[in-house]
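Quick look at what TrEMBL annotates:
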type	residues	note
DOMAIN	102-216	domain 'Expansin-like EG45'
DOMAIN	226-305	domain 'Expansin-like CBD'
SIGNAL	1-20	signal peptide
């Protein structure tokens, strides 16, 4: 168990989350929370090297176990770094990327949520019914297939939206986001880092990479008395959430289900109770965020923790 240090309370105002679902959003307030957490050992090989040195002082069995974990981590890192997938990429949202705000993940204002304009809408195959929301991908133009590439350049984007299929046109005749295509409809600022504007569409190579975020995980609560809808944002490392649970001051742990995008729901009477969250990332890390939401919370408020997943 690792204890997080106390954080001062800071109130900031910004626009409520994605408004495509009426009746579920209110003006939002960010509140910085104080809480504690624990998570499994899931660090880089560099971190594990230090652990091995310390373990040698404790006994050969412990050192041997950590050495095995370190080797496995190194092999996994090496495999990830060398493996690229093939796909295609277009762009949308205007030269400043403002047209990419909102989207099927529910993030709305991507600046406020910490994602910025280096983002993309994923084709249906990659979007995975919203399970990919928040994930990061490193993308480069495939110079072996196109003369419209900017050689030597790559860009890391965050998945923030769905590029819906269009079955009225063929997969290779403009239906770029139709299954089974792996396609990124990127913000124009992101796309122009790797492709020449006149091309419009380019072949790409991509790989999923860890996400780097500033600050801790955030929770925005909307809904009504017996229905809580929680938007989880600013998630580092794997970037996306596999599962989560909530615990009120007067309840045990209650499993939540994905409603849509990055929003999770719970049908319980939690109004007036302080809330804790247990969040499991798609990378397998677990954070217990105890009492991160005080009992005086109201719908539309955002609570920014000082807790984050390891990269």
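Residue 1 is the first one shown; counting continues down the chain.
Cβ coordinates are placed from backbone N, Cα and C, and glycine is handled just like the others.
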Composition by DSSP (helix, strand, coil) of residues within the domain 'Expansin-like CBD' (226-305): 0 helix, 46 strand, 34 coil
Tally of residues which DSSP labels helix, strand or coil - the domain 'Expansin-like EG45' (102-216): 14 helix, 36 strand, 65 coil
Segment-level pLDDT (mean, integer) for the domain 'Expansin-like CBD' (226-305): 97
